[in-house]
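S.K.: Just passing along the structure, written as structure tokens.
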């Protein structure tokens with residue numbers, strides 16, 4: 001039947017292609033045009049405004065610092081968590097279920113959760129005060145405490161975003177037959193050698209996906225930062241938001257959007273190159 | 001090279017007893033198969049010997065040293081897995097070299113040992129390739145070469161041929177035998193395929209339901225199964241079991257008379273299908289043939305003897321029609337007698 005009507009698969013796929021074309025590619029082209037034009041003529045004015053803005057340097061730096069701090073920790077945590085549940089016989093599903101709870105929470109809600117912990121009247125201060133470690137409420141999230149603010153945001157981001165990395169890593173670990181590790185064990189590989197020489201190379205595809213996905217999401221960080229730091233901790237998406245909504249300058253907002261896209265694409269390309277997946281070397 | 005003593009090994013998984021006290025002694029350089037149906041405990045026993053699984057009780061000595069509690073690497077053994085477990089991200093060379101690298105052998109020794117093992121298994125041409133590009137048979141060769149490269153005292157093989165197609169399996173079987181004879185390594189070989197066990201082994205241990213039912217040379221196990229299970233499991237077609245009445249210590253099959261190790265009641269005749277000869281009806285046992293299948297090399301008859309299902313083999317030169325009754329003369333030297341109650345065979349007549 002499929003042979004007599006070869007157009008059927010195309011017809012079935014068409015709506016999704018049209019949908020994506022209308023709601024993704026068209027806005028994408030418009031955004032790029034908006035960023036590199038001024039009153040309908042090609043111009044770098046928006047770019048110049050963006051770059052010369054006081055917050056630009058800080059937002060680039062903050063975004064990169066946050067990504068550099070959060071992503072490696074998340075990958076290591078996810079690998080550790082995945083390896084730990086792999087050794088369990090019973091209760092594995094329950095543990096995974098609990099670990100993935102943050103996934104079901106929107107990033108703004110996650111920001112609010114951590115705000116309720118870290119704000120002046122929050123749980124952290126209550127506990128520290130109760131234990132007699134501080135004498136009065138301490139502010140953690142102000143521009144005067146940039147390190148504490150950064151750590152607070154990083155912890156909230158790690159809490160919120162590790163689950164997705166872990167799911168990908170666990171799926172990758174599940175694909176590695178246990179015979180590979182047993183064979184390595186028989187031939188004298190220590191647990192650490194088994195992990196570095198057998199497990200890690202074999203989960204390269206999962207590692208690559210997790211890195212790309214998590215890094216792109218880290219460059220797009222916004223709601224958690226906004227909830228905890230407001231404008232004390234400018235990040236790229238936050239700046240785009242401000243130019244769009246506060247300043248009503250869509251051109252500069254578009255310039256930020258394009259910049260974020262370019263950075264994400266570059267990061268993806270770096271990962272594709274560095275964490276190379278050679279199909280010939282997979283099981 | 002090492003001998004292995006398995007002493008009353010028991011293993012329970014919760015309430016399930018996988019091994020119910022297994023003892024077996026394997027001589028240095030010997031090839032012993034653990035043969036049994038899936039779920040009988042043979043793989044569990046192998047994994048306990050390897051150190052990948054712990055036993056609930058009992059002792060294992062390799063080269064006169066107890067290895068209970070030792071990690072696999074300190075037991076002086078190598079293993080070939082059912083699905084090969086050849087590392088896909090390493091070249092064939094690095095796969096074969098893996099054990100030596102873990103022992104921190106220097107490059108010269110690694111090279112020498114890899115080349116030796118690769119030569120033995122005829123994989124020299126693929127040393128630079130990745131396993132992904134190899135066929136199942138070639139991967140199996142790599143797995144065996146990896147195991148032999150470390151010159152283990154004991155080689156453990158877990159169904160190494162079961163993932164290969166029938167033709168390749170036969171070829172690899174012959175080759176394994178040659179290679180392992182040359183290497184002279186003590187080998188324990190787990191399989192559910194009785195022809196593999198028969199063809200390769202010095203001795204076969206038939207495992208059933210967590211116990212070893214019989215240990216013996218392939219010929220002993222085939223001709224004189226210790227139990228009904230062994231007779232039924234080994235041989236194709238399996239041994240026929242025909243319950244017959246005993247009078248005054250004798251069993252009558254037509255005009256043939258056999259002295260049996262029972263005085264009265266009933267006894268079970270264990271009859272290998274190819275040990276009969278065609279005879280006029282009434283002279284030995286008569287068989288009502290339901291289906292006659294000319295197999296080319298022989299004629300396979302399926303039907304019943306004394307109302308009990310039976311399969312026998314006659315020379316290809318015989319012709320038998322479906323529904324015909326044929327007389328079968330028995331060879332007294334090749335009969336096994338078993339107790340109908342316990343299913344255990346009586347010792348072979350002297």
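Glycine residues also receive a Cβ, built from the backbone N, Cα and C atoms like all the rest.
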S.K.: Suppose you had to name the range TrEMBL annotates as transmembrane segment; which of A:192-210, A:211-229 would you pick?
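M.R.: Within the set A:192-210, A:211-229, TrEMBL attaches transmembrane segment to A:211-229.
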S.K.: Sort out the residues at least 6 away from either end of the transmembrane segment (A:211-229), same chain, that have Cβ-Cβ distances under 8 Å to it, and list them.
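M.R.: 63, 66-67, 70-71, 74-75, 106-108, 110-112, 114-115, 118, 141, 149, 152-153, 156-157, 160-161, 164-165, 168, 235-238, 241, 260, 263-264, 267-268, 271-272, 275.
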S.K.: If you count Cβ pairs under 8 Å, which stretch among A:56-82, A:94-117, A:147-173, A:249-272 touches the transmembrane segment (A:12-36) the most?
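M.R.: Checked against A:56-82, A:94-117, A:147-173, A:249-272; highest Cβ contact count belongs to A:249-272.
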S.K.: Ranking A:56-82, A:147-173, A:249-272 by Cβ pairs under 8 Å to the transmembrane segment (A:94-117), which is first?
M.R.: A:147-173
S.K.: State the residues, same chain only, that lie 6 or more residues beyond the ends of the transmembrane segment (A:56-82) and have a CB under 8 A from a CB inside it; answer 'none' if no residue qualifies.
M.R.: 50, 99, 150, 153-154, 157-158, 161-162, 165-166, 168-170, 172-173, 207, 210-211, 214-215, 218-219, 221, 225, 233-236, 238-239
